[in-house]
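K.L.:
This is the structure I want to talk about, given as structure tokens.
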């Protein structure tokens, strides 16, 4: 079975999150000679496969086998993969069974490595991600088997295969402000406290404001208002409360505490409540780390281009891996049809991704 055959097999599993649909058991059977550990919880399955070749660093490949629901608009059955004009059509081709197939095949064919190789797979990335990669990492920490470096095979490329790897990700701070007032009659504004009028005074100083200047890897952390509501949709009653929701995709330069201080600067003296939640923590892997060099060199050899180092996009399970002080980066196929009808990737990309991972395994322990 080659890497394309393997991908076609993985795509045939209807693994809509959090159901792995038997795909993890298949991968376990496919990687003979690797020690398998399952950590399952609340209907989520997580699989860790590992093999120690010799003393040396521990390199892990990570990903997810679950996919989002197919939805409407497909020209073919989304769970019966088909090949048309060099492209493979099915749910999960880009996000991210192509990546899983590529690293599973590369690891399977590895005969010699100066250290330990492993694979971490979950069926809970597209959902809440509560019982997925996080709990497997906790288990690995308990048995002292956390990797030194990790590649997450999420689709990272933008317009050409090999053009971008993720060396970090922005974080995400979600916030809700409730400004309290006193409801009243619109004809008697002096007898009420209209929260809209108060908040309207500070909105120009807050909406779309950058909380930092960014750097060579991260753009500025911007205060983005996502929802603003008050009142009862009538014209003669002023509201007693206003709710404002916002999001900050934060770089490593801005913390949750910085966001709190920013809000307080403009709401100081007002009667308000603030709720903040850091749903993802920003991280950056030093571009001088061995895993970054190994992947860069491998892409240059296979694709003939030098990838840019990016932190753009949303969040992924790499944030959990980085939290355990593991050097983590992400690389995969072009991401132009992820979560869309007729999701597809090219056979050429899949084969090149497999070659890149094979070369990365070689380069990683060569310094």
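Using the three backbone atoms N, Cα and C, a Cβ is placed for every residue, glycine included.
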K.L.:
For the Zn(2+) 1 site that Swiss-Prot gives with 64, 95, which of 28, 142, 154, 158 also belongs there?
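P.N.:
Looking at 28, 142, 154, 158, the one Swiss-Prot places in the Zn(2+) 1 site next to 64, 95 is 154.
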K.L.:
Based on Swiss-Prot, name the residue from 126, 355, 359 that is recorded for the same Zn(2+) 2 site as 95, 339.
P.N.:
126
K.L.:
Check the Cα-Cα distances from residue 95 (Zn(2+) 1 binding site) to the recorded positions 125, 126, 339 and tell me which is shortest.
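P.N.:
Checked the recorded positions 125, 126, 339; minimum Cα distance to residue 95 (Zn(2+) 1 binding site) goes to 339.
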K.L.:
DSSP three-state call for residue 64 (Zn(2+) 1 binding site): helix, strand or coil?
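P.N.:
SS state of residue 64 (Zn(2+) 1 binding site) = strand.
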K.L.:
How many neighbouring Cβ atoms, not counting its own, are there within 10 Å of the Cβ of residue 126 (Zn(2+) 2 binding site)?
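P.N.:
Excluding its own Cβ, residue 126 (Zn(2+) 2 binding site) sees 22 Cβ atoms within 10 Å.
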K.L.:
Other residues with Cβ within 8 Å of the Cβ centroid of 64, 95, 154 at the Zn(2+) 1 site?
P.N.:
63, 96, 99, 125, 126, 152, 153, 155, 316, 332, 338
K.L.:
Taking the recorded Zn(2+) 2 site as 95, 126, 339, identify the other residues of that chain whose CB atom sits within 8 Å of the mean position of the site's CB atoms, giving them in sequence order.
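P.N.:
Other same-chain residues near the Zn(2+) 2 site: 67, 68, 92, 96, 338.
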K.L.:
Counting other Cβ atoms within 10 Å, pick out the least crowded of the binding-site residues 64, 339.
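P.N.:
Each of the binding-site residues 64, 339 was scored; lowest Cβ tally within 10 Å is 339.
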K.L.:
How far is it from residue 64 (Zn(2+) 1 binding site) to residue 339 (Zn(2+) 2 binding site), counting Cα to Cα, in Å?
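P.N.:
Residue 339 (Zn(2+) 2 binding site) has its Cα 14 Å from the Cα of residue 64 (Zn(2+) 1 binding site).
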